[in-house]
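Read the structure below first, then the notes.
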Amino acid sequence: SLTSFSINNKHLRSTTKMKSSCGTRFAFLVLFLFAVQSVCVYAGTGSFHKDVKIHWGDGRGKIHDNEGKLLSLSLDKSSGSGFQSNDEFLYGKAEVQMKLVPGNSAGTVTTFYLKSPGTTWDEIDFEFLGNISGHPYTLHTNVYTKGSGDKEQQFHLWFDPTREFHTYCITWNPERIIFTVDNVPIREFKNSESIGIPFPKIQPMRLYASLWEAEHWATRGGLEKTDWSKAPFTAFYRNYNVEGCVWANGKSSCAANSPWYTQKLDQRGMNRVKWAQRNYMVYNYCTDKKRFPKGVPAVCT
């Protein structure tokens, strides 16, 4: 990411002492161009206080420290809670560490995702479907383009996501979307527009996180209901970090040399995806012939 550039008063005074007025104008031009370039790519401060807004939940979402490093979301029978990024992005890399609701969390959904507004929205999802005690969480991933999803892949994780914090990351660039867990890529959704598969590339998206109730579908297809005697349910977020291209005034610009902007999986990364999908995938829309009796989508990623 590019470091933000500022001009302080001391520097301004020293600049004006340049002997040549032409040299002075040139110096300011260089500084101005550098400053403009530096704001094209956004790097979050890592502070929930500065980077996000708790936009619903009536006090159920809380930031726990002055530096804004730790945030919790809670759910009870009256309401869940959630936060959203202050900025919208057109491409970016977003990651956060999460510790999920422990114990009997059936019917709860804890999320971290990107989404655009409107009825034909784009969306990139991490959703964690709660469990009954002793059963694994289900990590649900999906990609929506122009309001159409139906591209789900689900996983059981190779660790207990309620005991410690783990890192979840979405990398979204013009060629692909990469989902990673603790730096292990579990899914790559490639841009396949050349064969008619829509890809989210036009609508800017905001980062969201939420904890909400979905007992009608979340746990074993809705078979397990929420035990409200265990409420309030609480999940924790920390080390929130976003590098991306802020959408402002109808446009977004990016430095193409940012590593995430051109990131793709090398052979080792593709092998790790195969490992995760071979050992931990529990649902893949690509193989659901019952759901797609006329044939699965042309490209499954």
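Cβ coordinates come from backbone N, Cα and C, glycine included.
These features come from TrEMBL:
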type	residues	note
ACT_SITE	Glu123	active site, nucleophile
ACT_SITE	Glu127	active site, proton donor
DOMAIN	1-237	domain 'GH16'
CARBOHYD	Asn131	N-linked glycosylation site
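Within the same chain, residues at least 6 positions away in sequence whose Cβ sits under 8 Å from that of the residue listed as 'active site, proton donor' are Val109, Thr110, Thr111, Tyr113, Leu139, His140, Thr141, Asn142. Averaged across the domain 'GH16' (1-237), the predicted model reaches a pLDDT of 85. Local packing around the recorded positions Glu123, Asn131 was summarised as the count of other Cβ atoms within 10 Å of each Cβ; on this measure the leading residue is Asn131.
Taking the Cα atom of each, the residue listed as 'N-linked glycosylation site' and Glu123 (active site, nucleophile) are about 24 angstrom apart.
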